[in-house]
Amino acid sequence: MMWENWTTVSEFVLISFSTLSSELQSLLFLLFLTIYLVTLMGNVLIIMVTTADSALQNPMYFFLRNLSFLEIGFNLVIIPKMLATLISQDTTISFLGCATQMYFFFFFGATECCLLATMAYDRYVAICNPLHYPVIMGLRSCTQLAAASWFSGFPVATVQTSWIFSFPFCGPNKVNHFFCDSPPVIALVCADTSLFELEALTATVLFILFPFLLILGSYVRILSTIFKMPSAEGKHKAFSTCSSHLLVVSLFYSTAILTYFRPRSSTSPENKKLLSLSYTVVTPMLNPIIYSLRNNEVKAALRRVIHRAMGLQKL
């Protein structure tokens, strides 16, 4: 009898930043649009440079290209809809649209965690086992590791999204977020979600905490090896090859862990939005900047690409 009285939700309303004044929303639109364009251009540039320059045809930059592809996808899932809600004031999203956005958010999020762990493993082999690096990190091994990272996103996205949207929704349809994330959507469910929340916690540990521990373990071994190096130049070179990745990992995981491992009562919805902005909007923009400014090989490759482009224009 209860099922007969439950209403069918055909769309959701993203509260997003609708509580702010229209002037402030316009400023946010310009800010996020600028970040979005910089992110797209930066990651496309990284892909083009690491593909075109012969000096960057090694596993480190192969994985970096994969990371740039992933960041572009991550942005396409989140930012266009957020920009639309800011400029048009239409904050509705269809039931299917919400499910699709959540699916790809889970997919790209889980993939990024695994890909960052794979990149840490690559640096571990390069520094701790350099003589066997060409054999261990051959083309086939790199392709398999990248494919495994991308594939890891499918099971978590499929299970999490299909389970959430199989629950009944009674009618309250306001999602207190700027995209369809799991916690604010599950708060609208009219059923017992304790089993799902247990599964979601397990998935979060597996796809956020476990890769983070692998990265941490890799860098403990890397730092131990670097400190044993007799040459100061060797230490500097080893640190420089790791610093960009370590900074990207720190930015991504610090905000992700703060968002998903803190008790619900300790963080307000507005603070969660700010935390979410950092890893869905800001970090994808900073990644290509970090790899471009802190990596001498990338900077040299950029100069070579620019010089070739200018030479072609003169012809």
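Every residue, even glycine, has its Cβ placed from backbone N, Cα and C.
In TrEMBL, annotation is done automatically, which means it is predicted and not curated.
Fair warning: this is a prediction, and the values are worked out from it, not measured in the lab.
Residues or ranges marked as transmembrane segment in TrEMBL: 27-50 (among others).
Summarising the annotation, TrEMBL assigns domain 'G-protein coupled receptors family 1 profile' to 42-291.
The transmembrane segment annotation in TrEMBL covers 62-83 (among others). Note on the transmembrane segment (62-83): residues 14, 16, 29, 32-33, 35-36, 39-40, 43-44, 46-47, 50-51, 93, 101, 104-105, 108-109, 111-112, 115-116, 118-119, 122, 142, 145-146, 149-150, 178-179, 248, 280-281, 284, 287-288, 291 of its chain, located 6 or more positions outside it, place their CB under 8 angstroms from a CB of the stretch.
If you look up TrEMBL, you'll see 103-121 (among others) marked as transmembrane segment.
Feature annotation from TrEMBL assigns transmembrane segment to 142-165 (among others).
The feature transmembrane segment is assigned by TrEMBL to 201-223 (among others).
The annotation transmembrane segment is assigned in TrEMBL to 244-262 (among others).
For the transmembrane segment (274-293), the residues of the chain that approach it from at least six positions outside its boundaries are 32, 35-36, 38-39, 42-43, 45-46, 64, 67-68, 71-72, 74-75, 78-79, 177-179, 181, 244, 247-248, 251-252, 255-256, 258-259, 267, 299, 302, judged by C-beta separation under 8 angstroms. The annotation transmembrane segment is assigned in TrEMBL to 274-293 (among others).
Model confidence over the domain 'G-protein coupled receptors family 1 profile' (42-291) stands at 87, taken as the mean pLDDT rounded to a whole number. Counted over residue pairs separated by six or more positions, the transmembrane segment (244-262) shares fewer than 3 Cβ pairs under 8 angstroms with the transmembrane segment (27-50), which leaves the two as not touching. Same-chain neighbours of the transmembrane segment (27-50): 17, 20, 56, 61-62, 64-65, 68-69, 71-72, 75, 79-80, 82-83, 86-87, 281-282, 284-285, 287-289, 291-292, 298, 301-302, 305, counting only residues six or more beyond its ends whose CB sits under 8 Å from a CB of the stretch.
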